[in-house]
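Asks: One structure follows; several queries about it will come next.
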């Protein structure tokens, strides 16, 4: 059996998903493809890495196989018996660009196992299994947005997701006359995972200091009670949630000018308040600001490198791509990579 699961890009709502906040992602037309078949032992093969790993029983290797192994462990924890299988994986999702290739791999694995063994679990349960794999087995304290989007994606729609209640709404993504591109900075600073976890701790500290159970109970008034650093972190989360709500409204009204402005202000907040951007992504966003036909841009993903999402009028980005590429190369001696992004449906059999 063969399945595919898409990556995702988040239009807006960055670092809100683990704070019970709102997000506005959509599934993208880049996928992890996965084949599953019965086997005498567990065999995991990656076409992209040209590598095969065999194991008698599931174990943690601190490698790409952990995403698959973690999913199998999560099924077993729920009492499902997963006998040995051969899983072959290939992908046209760029790694590290902020399109969430890991969640796509987890989602493809969860869906394939559920169907192959006849468990036929509902999608939401598979989302929870996939996230558990990343949090408990791989050890990255992610929110639920990435796995949710890979499962529930719908072509020509974004998903307005409340990560606290998991209530969601499909918002039409009518891009006629507009386009979304991803610029990959091709840098990943060492800080990324340690600082990501540190931001999570800081947000937990905000709640502890304020005596609140959830960020949804935090108000602007509460910010005054916080020490400086925590105040900045909390202010970002509160204002980013407001930006998501405004962005949903803008999308519904087809108001891409407003959406673009919200992207720029999201980036400023990630740079100045949450402090997770870096010189390279700041350079890209600053370069794009004020250019003809460019409506908005911001860093996407955990930060400290990765990608920048760009919203523009159709054809406008194409005109300045080379200039951006050259300016970036002159400054950082690094080549940029560009991806035009289109929406896609969620995980499915092929």
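Just so it is clear, glycine is given a Cβ too, placed from its N, Cα and C backbone atoms.
This is the feature table in Swiss-Prot:
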type: ACT_SITE; residues: 146; note: active site, proton acceptor
type: BINDING; residues: 14, 15, 16, 17, 196; note: substrate binding site
type: BINDING; residues: 46, 96, 97, 98, 99, 100, 101, 102; note: ATP binding site
type: BINDING; residues: 102, 134; note: Mg(2+) binding site
type: SITE; residues: 8; note: site 'Transition state stabilizer'
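Thinking about packing and proximity, how do these listed features fit into the structure?
Replies: In the three-state DSSP scheme, residue 146 (active site, proton acceptor) falls into the helix class.
DSSP assigns residue 17 (substrate binding site) to a helix in the three-state reduction.
Every protein chain considered, the tally of other Cβ atoms within 10 Å of the Cβ of residue 98 (ATP binding site) stands at 25.
In three-state terms derived from DSSP, residue 134 (Mg(2+) binding site) belongs to a helical segment.
A sphere of 10 angstroms centred on the C-beta of residue 8 (site 'Transition state stabilizer') encloses 33 other C-beta atoms.
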Asks: Among the binding-site residues listed here, 16, 46, 100, 101, 102, whose Cβ has the fewest other Cβ atoms inside 10 Å?
Replies: 46
Asks: Name the secondary structure element type, per DSSP in three states, that contains residue 100 (ATP binding site).
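Replies: It is coil.
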Asks: State the Cα to Cα distance, in Å, between residue 146 (active site, proton acceptor) and residue 8 (site 'Transition state stabilizer'), rounded to an integer.
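Replies: Counting only the Cα atoms, the answer is 7 Å.
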Asks: Based on Cα coordinates, which of the following recorded positions are within 10 Å of residue 98 (ATP binding site): 8, 14, 15, 16, 134, 196?
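Replies: If one measures from the Cα of residue 98 (ATP binding site), the recorded positions that come within 10 Å are 8.
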Asks: Give the helix, strand or coil assignment DSSP yields for residue 8 (site 'Transition state stabilizer').
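Replies: Strand, per DSSP.
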